[in-house]
Structure formats: structure tokens, C-alpha cells
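Asker: Quick one: this structure, given as C-alpha cells, is what I'll be asking you about.
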Amino acid sequence: MIDSAAKENTITPIMSLETEEALNSGGKSCEEQKCKKNATANIKVVENEDSEARLGQTPSGQIFVLPHDPPNRRSILETVDFRVPKTPWDLVVDGVILAQVLLFFVTSGMVRRFLMLGCFFFWRVSYDAGIGYLLHKQSHQQKIVDWIVGMGFFDKTNHPKLYEMTKRQLKAKMDSSYDFENSPVEFNAWLVFRHFVDLVLMCDFCSYVLMACAWLCWPKMNFFAHILRIGAGYLLLVFNLWVKMDAHRVVRDYAWYWGDFFFRLRGTLVFNGVFELAPHPMYSIGYAGYYGMSLITGSYMVLFASIVAHMAQFAFLLFVENPHIARTYGSDSSKAKEFLPHDLVNEPLLPAQKDTVVFFNFDITRVSDVGLALLSVYSIVLVLFTPNSNYARALAVGQAFIWRVAHSLLHGFILSRQSKTKAWTRHFISRGNSALDAWAQWKGLYNLTLCMSYITFIMASWKMYSFPTNWIYGSAFFRHVLGLTFIALHIYTSVSIFDDLGNFGWFYGDFFLPVQSPKLSYRGIYRYLNNPERFFGSAAFWGMALISNSSWIFFLALLAQVSTLGIIRFVEKPHMQRIYGSGLRKEAGVEKTIKQATLKSNITIPTALKQRVKTITSTIDKVIDQTAGAVEEFLDTAGPKVHELLHDTSAHIRYQAQLSVLKVLDPHTKQLGLSNYGLEVDDLSDRKIPFGAPIRVKWNAPANHSTHDWIGLYRVGDNPSTSVTQTSSQGRWSAVQPDVYSSHSKSIEYLSPNKDSGVVCFSDDLLFWKPGMYEFRYHHSKNHVVMTRSQPFEIVLSRCDSVVYEDILTALKPIISACLPGVDLEDSKLPLEDISTDQAKRIVLAIRYAFKLSFEHRVVKVDGKVSVLARRISKAKKILQSFSDSFSAEKKTA
């Protein structure tokens, strides 16, 4: 029956439930948002609280009052309810049902089985093809109304007997408020059509039950397996009954009998019931009883017939109802609504080109697509054209494992760093690209690894698959059916997610671009589940594992499932909470429906048990969070700690060697006297030196000091020892006397006649181009023995937090002046194309500290002018600031 109700308000016509469902299924956050996310619930028509009258509207615009319809009435069951007086048509329906029952008992063996199977398929075809054809013609041309009128059902003059019979039949089925003569012809035609539907639906149901009974068998399995099989079957039957009953409670007879093909209903919408549990519940979970009966009968033929009938029902939805919805209500609103980013500083909001999604929108001229095609062909050929040996199987499983691990690690790591620090976007901005360029590169990488993880998994399953020798006995047929079902569920889930989220959500756009408003709209599949990909997103892997029946494929499926859960738990969920905060939904449709059903059934859970479950759940979450935090902390600190360990080890070895030298030189240094050495930084009143400014150092030493003495510049803290320098100066040193170290004598500005004092100037390459605390060290002869040290001083660089171009240009000019001595600060169009690589590196290093932005040194030379570089900085800061603004805006509203 129809999976529709009505969309309604006080001035617009109502649409079917299936219509509402379709029109609301638009728009992967961003997973909640993979911006991933949407929700509306299905609807029911509710009578006005002040008046029981419901209004209908015909296609011609006529408004009429509908007869009273008791909410608990099940009109279709009145046909076989012996407590309800029977009309002539009821007797016809009951007679056809009894004829099938009689046919069941007068036949036996294979004749009965195939006869009942034929009866069932006859009525199923009558439903999906017969009723489908009638509704198709009614939707396009109002043909059902024309045919009924043309046959004389409502023609009192020319067909008085048929008229009176129709009148009595319809009035017997309706409330006393029903007025046959004054009701619109569309409404009366709908009532006549309902009688034909009753015949088909009741006979379809009864013929299925008889067919299942005819094929009943007792498979060879242990007693416990029989208990599980039959118990699960009855549970599915009970669940199916509840779905049908609750669906009728929600949609009533109007949508049950496809009323919106004949007229529209006006009313108020309420979103509840089974329509929050699953998409198209009347056509999806509404047929769970088929599979329950298949389990009870233990017959593969019943299962096969059930699958065919269920697929036919989906075809009815696809070719009859959905086109009617699109034609009647339009399909524009059913398209996925893109979450557009904030203004990206005069950049186009979204690229005009169509992104490759799996292999859709494939472009042979796009390098990333060509790479995807070549890798795909290579991985397929590698499996198909190799012998079916253990080595070839290991190779197939190995490449599937590698691609799964690569996809999961890259997926999780990149998104995690992007969510927290915008590392991916910053990387591309540092190379002169935009935020859209960063997102575009991510989309190509994500689609490549995603496709390869699926392709290699399929090929591994193919390599490990063995064609069954017997489909009837054992679990071969069942495994294949269940596996294909899982694969179909996976495909449906993925398509639904993409339809709901669009390109922006599918490719995690809210990780890379700021959305217009951090608010979630739950539609489509997301109105039933918060994270459908959590389990259904890996269903195909389990399906292929069942079909292949290989432990290695089961392992790969488990790996895929665990990695998906891990990314959702440790990457997507924290990101969603960071962006959307209180906007996240507490309960999904499924959870809400189950809770409501539990409350209605007066099922209470002991308080102690609730508290125990809550404690266990919170403990598990705490352990998971702590484990994730520890792993993340290890990954963040492992690199620096290893570098620090190597540095300390090297320094220790050097220190031990230099101690030996110190012992040898100790008598000589004592003879010279450390107190006779002095080192002073010129003009150091506040111990601060501007970034890039030359530093003059005054020194004095005994008259008999070594001519090979030298002065080095070091970061404070790099050398724990005050007597021996343990780290390299990396070229930042100066001789104290000329003609000794020819390459480091240019910095000498003054040398006293006695050569016991002087001034050296550290500038250009001799400086540190990083803010921080530094000191000078005077060393004896050609070694690292420290004779004296200067006072520590700080190299300072002012930060600029503004995003305004003029402010940035003002802050940038002194930096350029420091990095390029002799430039004209007033010339904002100063050319930068001819500067050296070292000078460009200094500039980008200064920009990193002053503006908190990282650029590649080539960007400076590409921009060519200070003004252009300032605009690039302003643009980059605005892009990155837009993320912070969207986060802070959500926090303020939370």
C-alpha cells in the first residue's frame, strides 16, 4: 500500500508521506557532515482541535468536507472481520479467499506447492503491475475517475441499478456523515477504487500465507538452531504487524489507499510514529514479515519468492509513486542543499567543475582521474590475470589490506589535524594556493584512496571466492542472499548519504571551508540515524565476506568496520561538537521511536539496572577518550622527543670530548685568567633588540690571548654548560682579529692597537631570524672553551593580529626593511623578484612569527611586491579567521 500521507498547512494542499519523505531528503556535514546532515519525520493528518471536520480539495479546486474517520478504524480488516456486517463486495472478497484455501486443501505435494506459488505471484502482479498501472494513468490523466464515471457507477439516469448498488456499498463502508450525492466525483471514485484494492491486498496476503505453508519444510540442523530460526521468524512477524498498524495509525485510509492521486487533504502535520524509524517504512521494514515467514518455513523457495515480491514493491515505489511525487509537487526541493561556505575573500564559493565521486563525473583530461583509472586497472589486472595460487591470493589480500590502512590513516590523520589546526589548508596557503585549492586536493586524494580500498577489497574477495558445488544444501544460498542484501543496503546507504549531503558533505567540506551558519538540518536517512555510515556504511564488506566465506575477507571487513568506527568516534564526532555544539541532536528517529514504543507498552527498566548500564557506558567512554588522548599525545610528542633525545645524545658526546680538551687546556686558561675577558652588547638598555637589527658586541681579552679566539651567537638554553659550548653556531660566529679566519673577519668593525679589545657587528647571515632569548660566547682559540658570556638579550618582533590590508602593510614594511637592508620603506611596490633565496626565507620566517602564517619562500618572489604580499597575508588571515568566527558564533549561541 501507499507509503504516503500529506503535507499540509492551512492554505496549501497536503502531499503524501512518500512525497514529504522525498522532498525532505536533501541536503555529510559536514558525518554528522561525513556537514554531514538532515532530518524531518514523516507525517500524519490530524483533525483540528476545535473542529472534527477535515477538508479536501479536488484537482479542479473544489473544497469539500470529508466524512468522519475514526482514528482506530482498520477498514481493510473489516472485510474478514466476522463481527462486522458484510456487504456484497465483502462476500466476493471472502469468497475468493476461501476458494484459494479450498484449493490448498484439495491439492497436495508439488502440485499444491507450485499452484500456491502461482496464486501468490498472480496477486502480487495484480498489486504491483495492476494497481501500479491504474495509479500511473490516474496520476497522468485522471483515468480511474474517467473509467469509473464512464462505466456508470455514478449515473443515476442511465444505470440506476449500478448507481444504487454503488451508493449502498459506499454508504455501508462509511460513517453516517458521508453524503454520497454531494461528495465530489473524485472522492467517490476513490472509494470505489478502494474496494478493488481491498480485493487485491487481502488475496495477496492470504495467497502468500498459503504458499508459505505449502513449502513448509524441516531443514537438517540442531534443535537450538531450530529454536533460534523459528523464534526470530515470529519476532519479525510481530514487528511487521506493529509496523503496519502504526503506519495506518499515522497515515489513515487517505494515504493507505493512495488518496493524493485523487484529491488533496488539508490539515495540520504531526511528525511521529514508524515513519521516524526507517525510510519508506511501508515498503522497507513493512515487509519484514516476508523474511520472518521464510525463517519459519525453512524454505529457500519461500525466501526466493519473498525477495522477488519485495523487489517488485520497490519497483512500484520507483516507477509509480516517486514520479507522481515529482510531477505533482516538483523535485527541486528534493535535491541536496549545498552548505555554502562563508565569503572566501573574493574567491568563487564553489568550483564550477564537477568533482569525481567514485567514478561518476570521470574526466579523462583530469590528472587525478587518470591516476585513479590507472591504479584501478593495475589492481584489477593483478588479480584477474594471475593464477589462483596461494601467492596470488596473498597478494590480493595484501594490497586490499594496504589500501584499507592507507585510506583509514590518511583519512583520520588529515581530517584530525585539519579540524584542530587547519594544517591541510595552511599547507596550501603557505604555497600560494587558496582554501578551495586545499579542499580540491583533499577531494582528489580522498576519492582515490576510497575507490582503491573498495576495488582491492572486491578483488581480494573474488580471489578468495569458490563457486558452490551445491546451492540447495548447506548455507551457500543463504550466504549469497544475505551477502547481496548487505551489499544492496550499503549501496542504498551511500547513495542516500550523498543525496542528503551533496558534494560539500560527502567530501567533509565543513572541515575545509566555513559554512554559512553552523546549524544542522536532519533530513533523508539522517532523520532516522545520526551516523548511518557507522554500521550500514560497512555492510558491503560483510556481505562480500559472507559470499566469499573466507576468514581473510572477514578480517578485512572487520578492519574496515573498526577503522570506520574509529574515524567517526575520534575525528568526526569531536569536530561536530566543536562546530555545532548544542545544535547536535540528542536522539535519532530510530532511538526516539523505540523509546516511545517502550513507554507506550509500559515497559520499565529497573533504576538500578539503568544506573549500572550508565556507569559501564561512561566508564567505557572514559577509557576510550583517555586511550585516544594518550595515543594522540604520543603522536604529537614522539617526533620532538626523538629529536630532543638525539640532540642531547650528540651534545653529551661532544661535551665529553670537550671536557677532555678542557682538562688539557686548563693550565693555560688559568694562566690567562677568565676575569680578564669581557663581552658586552652595545646599546642594550632594556635587553631587547629589534628583529633583524645589527648587533654590535664589545670584547676585551688579555694581551696574550690567542689570535684564533672567536665569538659565537647562541640561543639561551641550548648550552647548559657555562664553561663549554655544546652546540654548533651554524655559521653565526665572528673572528676577533682579521686575517685569521678570512671567511668570518668582515664583521670586525674595530680592533685596538694592542689587539686586546674590539668591536664586532653581527648582521645578515650571522643573526638568528627568530624571536627569542640569545647570548654571545667568547671562545678560546680553535675550540669551544668558553672564556666569557654576554648578558642574555631578547630579539623581539611585534605581532599583527589585524586582517585589514593597511594594518598588515604597515606592519610588513619594517620586516622587509630588516630582512632587506637599504630598501625604501615608503615604496609599497618595492620589487622582490630579485632577492636571494636566503632573504626570502627570512621574510617568510618573520611572517610566521608576526602574522602566524606559514608561506613557502617562493611565494615572496612570485608576489614580487610588498603590497601584493600584504594582500596575500590579509586574504589568508581572513580565510583562517572565518573558521574561528564560525566556531565562536556557535559557542555564543550554545
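Cβ atoms are placed via backbone N, Cα and C, with glycine included.
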Asker: Are Arg194 and Ser854 on one side of the membrane in Swiss-Prot?
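Answerer: Going by Swiss-Prot, Arg194 and Ser854 are on opposing faces of the membrane.
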Asker: Counting each residue once, how many in the topological domain 'Lumenal' (135-195) are helix, strand and coil under DSSP?
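Answerer: So the topological domain 'Lumenal' (135-195) is made up of 40 helix, 0 strand, 21 coil.
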Asker: Where, among 114-134, 196-216, 223-243, 300-320, 539-559, do we find the most CB pairs under 8 A to the transmembrane segment (395-415)?
Answerer: 539-559
Asker: Given pairs 6 or more apart, does the transmembrane segment (114-134) have at least three Cβ pairs under 8 Å with the transmembrane segment (300-320)?
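Answerer: These two stretches do touch.
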Asker: Please check if the transmembrane segment (300-320) comes into contact with the transmembrane segment (539-559), where contact means 3 or more CB pairs closer than 8 Å and the residues in each pair are separated by 6 or more positions.
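Answerer: When sequence-distant Cβ pairs are counted, the transmembrane segment (539-559) does not touch the transmembrane segment (300-320), since fewer than 3 lie under 8 Å.
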Asker: How does the topological domain 'Cytoplasmic' (290-299) divide up by DSSP, counting helix, then strand, then coil residues?
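Answerer: Result for the topological domain 'Cytoplasmic' (290-299), in helix, strand, coil order: 8 helix, 0 strand, 2 coil.
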